[in-house]
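Notes for the one structure printed next.
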Amino acid sequence: MNILITNDDGIASSGIKALEAVLQKEHDTFLIAPLRERSATSMALSIYDSMRVERINDNHYIVDGYPADCVNIGLHGDIFPRIDLVLSGINRGVNMGHDIHYSGTVGAARHGAVHSRLSLAVSSGNITKDYDYIREAEFVRYFIDEYSSLLKVGVVYNMNIPFDFVSSMENLRITRLGKRTYEDTYSKKNIIGGIADFYLGGSKLEHATEEGTDFTAFFSGKISLTPLSLDQTDISLVQELSDTLSKSLS
């Protein structure tokens with residue numbers, strides 16, 4: 001299988017190195033990643049500016065752009081053979097609930113899904129400095145080898161692995177997205193007249209406890225796998241709104 005590996009933590013991150021080290025034993029891997037940290041960039045693309053792309057060798061490229069840029073170049077830049085699977089991660093920190101809308105890790109995988117590739121985003125709850133993520137990568141390899149035939153194109157599979165996890169399929173749960181709330185705080189500096197620099201000082205994160213969600217699985221020590229559709233239409237509201245508007249116009 002031809003696997004494109006990318007992330008939003010940057011080319012030097014331990015997570016992406018672990019995936020490549022483990023997967024290249026049995027697959028053809030092609031690594032293309034951002035030059036630097038690009039967290040919370042979702043599916044951003046560099047549309048109006050050029051990007052500097054550095055070729056290390058035939059299988060390794062560095063992009064001074066966003067994670068989705070990396071996927072786009074990897075798929076359409078005539079640098080790799082046809083890619084079968086877009087794999088994004090291993091992210092240093094989880095991406096659950098509403099996080100997925102901000103995440104560059106998930107955004108990169110979603111870009112692969114938009115272009116009809118199998119797409120998997122992987123995040124870890126282990127943010128220990130200098131951690132190597134090899135155990136997580138080994139689980140990802142096993143999952144891909146044994147279950148990739150069950151995956152569908154046009155879907156993003158979002159995997160979150162707890163800090164202390166049992167590496168077995170019996171420990172994996174198929175989940176839905178939970179609900180995350182954010183309480184953001186900003187600081188202002190360099191105030192001159194009506195101009196100031198705003199800095200996001202941090203976010204207080206909370207989540208709802210509901211059965212069947214990624215949060216519930218994760219915090220009970222299970223690996224969560226959430227299938228994410230590209231179609232974000234709220235089907236339940238389509239007919240309801242249509243009927244309501246029709247009545248208001250009649």
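Backbone N, Cα and C atoms are what each Cβ position is placed from, and that goes for glycine too.
Annotated divalent metal cation binding site per Swiss-Prot: ASP8, ASP9, SER39, ASN91, in sequence order, evidence recorded as sequence analysis. In sequence order, GLY15, ILE16, GLU37, ARG38, SER39, ASN91, ARG92, THR105 constitute the residues six or more apart from ASP9 (divalent metal cation binding site) in its chain with CB-CB distances below 8 Å.
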(request) Go through SER39, ASN91, our binding-site residues, and report the one whose Cβ sees the most other Cβ atoms within 10 Å. (result) ASN91
(request) Give me the non-local Cβ neighbours of ASP8 (divalent metal cation binding site): same chain, 6+ apart in sequence, Cβ-Cβ under 8 Å, ordered along the sequence. (result) PRO34, GLU37, ARG38, SER39, ALA40, THR41, TYR66, PRO67, SER88, ASN91, SER103, GLY104, THR105, GLY107, ALA108
(message) Same chain, not part of ASP8, ASP9, SER39, ASN91: whose C-beta falls within 8 angstroms of the C-beta centre of the divalent metal cation site? Give them in sequence order.
(response) ASN7, GLY10, SER13, GLU37, ARG38, PRO67, ARG92, GLY93, SER103, GLY104, THR105
